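Working notes, structure below.
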Amino acid sequence: MAQLIDGKAFAASLRNDIAEEVAKLHQQGITPGLAVILVGEDPASQVYVRNKGKQTIEVGMSSFVHKLPESTSQTDLLALINKLNNDNSVQGILVQIPLPDHIDADTVINAIDPRKDVDGFHPVNVGRFSTGGNGTIPCTPLGCLMLLKDQLGDLSGARALVLGRSNIVGKPMSTLLLNENCTVTTAHSRTKDLQEECRRADILIVAVGRPEMVKGSWIKPGATVIDVGINRIEQDSGKARLVGDVQFSSAAEVAGAITPVPGGVGPMTIACLLLNTLTAALRQNDLPIPTWIPTQN
Ligand SMILES: NC(=O)C1=CN([C@@H]2O[C@H](COP(=O)(O)OP(=O)(O)OC[C@H]3O[C@@H](n4cnc5c(N)ncnc54)[C@H](OP(=O)(O)O)[C@@H]3O)[C@@H](O)[C@H]2O)C=CC1
Ligand SMILES: Nc1nc(=O)c2c([nH]1)NC[C@@H]1CN(c3ccc(C(=O)N[C@@H](CCC(=O)O)C(=O)O)cc3)C=[N+]21
Ligand SMILES: [Mg+2]
């Protein structure tokens, strides 16, 4: 049986370290603030919002949640972002993706002040991060990388396959692993011989949004498997259950180590969001970044 990678425990310890730094900021009269905007009702986004607000308060930050109806106009959303860009009690702004079809996500992301972009989705941050500078590292890939390094140590030379190429998970994950000197393949819906590609990987990161798509037979024996998927499955009982993009039962028989869903990547995403908010608050106050916080330089 594979070793279980306990993202929930790792995230709790990371939040403790964050809370200590925030306490130091309080002594200087600074309280980092995180604003979250949710438009409409994407299920994965709702799980995210539910867990996020509470943990933001627990580490000593202020939490501002803006839940807007599906029908919200792009103009109104841009006006809210503009207000938050100029709000001194807010150091981090996150707009939940996906947005409703009548809103252009790129326009919205571009409107966020890059210094307050704690998701790392603004082109300025994507550019800096991709070229190895100190742009914000996107939360989910950063969380996955922390788990991988904790599990494996140095990743140099490992063969990594990232399944999925979205701007929010797959693409930045591939960039991050490349920066860690992995040999990286990015797979997607047009990839030929997908199962074969997966079976070659020492490190397999799955972010497709397809419940339990990757089976144990796709996995190289002993590989490290990181399951990013968050899918809500209706059960016969009528109750919903969360499953990942990997079929856990069969994968755990083959993999060397694997993250569960829930309790794997999800809690790490939130902890890294709080970490990015802390870093943003430090930078906006011209304070040094403690050495334990991962940046790229
Ligand atoms: N745990 C966490 O913290 C987070 C979890 N998530 C979850 O991760 C999953 C992925 O999210 P996200 O990246 O936003 O999803 P997207 O839908 O934006 O991207 C999915 C990617 O998977 C690829 N894909 C879809 N179906 C297949 C298939 N049958 N074979 C091969 N590739 C396929 C797509 O390929 P193509 O580009 O060719 O269309 C695309 O690149 C979701 O379950 C989401 O809820 C997301 C963010 C954070
Ligand atoms: N701009 C933006 N940035 C994101 O990072 C982003 C987003 N939009 N849209 C939605 C997806 C999804 N996402 C999740 C984060 C944490 C959990 C999470 O806390 N998961 C717990 C769930 C526990 C439970 O409540 O059952 C776990 O996996 O253990 C889930 C999903 C971030 N995303
Ligand atoms: Mg998407």
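In case you wondered, yes, glycine gets a Cβ from its N, Cα and C as well.
Heads up, TrEMBL stuff is auto-annotated, nobody curated it.
Per TrEMBL, NADP(+) binding site is recorded for Gly164, Arg165, Ser166, Ile230. Summarising the environment of Ile230 (NADP(+) binding site), the number of other Cβ atoms within 10 Å of its Cβ, over all protein chains shown, is 23. In three-state terms derived from DSSP, Ile230 (NADP(+) binding site) belongs to neither a helical nor a strand segment and is classed as coil.
Per TrEMBL, domain 'Tetrahydrofolate dehydrogenase/cyclohydrolase catalytic' is recorded for 5-119. Here the domain 'Tetrahydrofolate dehydrogenase/cyclohydrolase catalytic' (5-119) has, by DSSP, the following mix of helix, strand and coil residues: 59 helix, 19 strand, 37 coil.
The annotation domain 'Tetrahydrofolate dehydrogenase/cyclohydrolase NAD(P)-binding' is assigned in TrEMBL to 138-284. Averaged across the domain 'Tetrahydrofolate dehydrogenase/cyclohydrolase NAD(P)-binding' (138-284), pLDDT for the predicted model comes to 97.
Under DSSP, Arg165 (NADP(+) binding site) is assigned to coil, being neither helix nor strand in the three-state scheme. Spread of the NADP(+) binding residues is 16 Å (greatest Cα-Cα distance among Gly164, Arg165, Ser166, Ile230).
Only Ser166, in sequence order, out of the binding-site residues Gly164, Arg165, Ser166, Ile230 have a CB under 6 Å from ligand 3. Checking the binding-site residues Gly164, Arg165, Ser166, Ile230 against ligand 2, the ones whose Cβ sits under 6 Å from it are Ile230.
Ranking the binding-site residues Gly164, Arg165, Ser166 by the number of CB atoms within 10 A of their own CB puts Gly164 at the top.
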